Amino acid sequence: NGGSPVIGYHLERKERNSILWTRVNKTIIHDTQFKAQNLEEGIEYEFRVYAENIVGVGKASKNSECYVARDPCDPPGTPEAIIVKRNEITLQWTKPVYDGGRMITGYIVEKRDLPEGRWMKASFTNVIETQFTVSGLTEDQRYEFRVIAKNAAGTLSKPSDSTGPITAKDEVELPRISMDPKFRDTIVVNAGETFRLEADVHGKPLPTIEWLRGDKEVEESARCEIKNTDFKALLIVKDAIRIDGGQYILRASNVAGSKSFPV
């Protein structure tokens, strides 16, 4: 500081292939950070800084690296743990509201050991979907997670909000089944029509799902489709005939027990 306190800074910029430096700030900068505005998207810029004290302005700093002006994308939605096990946790989140004018091309998932760990990558390849399973966790260890979005321009978003503390352990929860109230009443289907039975199914660990008619398990066929996913149960019967009538039962089971729902 030349023996006198620094009273502020001045910031200059130039395009990569230019020799002309332009002052960025109009008044002295009192902080050690400053937002450079009115940049052209896609142009590479270099920056340098001068310090000022009561004697005057000093020499310029070394030039910064080159930075390309790009419109940043918004952070993804806060990730949610949808499956928690003793050595892995599956996270799900929503896409950024604004993609920075370019398509979102992937995500980086980060984790942090609690209470005092540092943020570090939990995904080592580009995550395309808005869901990812973090494996290799330590049982009963507490973690938190966040997600960063990347767009086609190569711009990274700010990190999402954290999940908050999550403990890696096998959670046990009795299966739960929820259906539209209309399925509690007798459903009348004419011959040749198609009918669908569907329900939301939850439980920890994820339940196995079975459809039964009477006491026999329903099997897939040319007319009967079973489309069960982690949290949804769906039975579709096409070209209904008389033998398709009767009571159907949806049964969900896991280590905590089983739950049945008659239709």
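Counting begins at 1 with the first residue displayed.
Placement of Cβ uses the backbone N, Cα and C atoms for every residue, glycine included.
The domain 'Fibronectin type-III' annotation in TrEMBL covers 1-71 (among others).
Helix, strand and coil counts from DSSP across the domain 'Fibronectin type-III' (75-171) read 0 helix, 41 strand, 56 coil. According to TrEMBL, the feature domain 'Fibronectin type-III' maps to 75-171 (among others).
The domain 'Ig-like' annotation in TrEMBL covers 175-263.
Confidence across the domain 'Ig-like' (175-263), taken as the mean pLDDT and rounded to a whole number, stands at 90.
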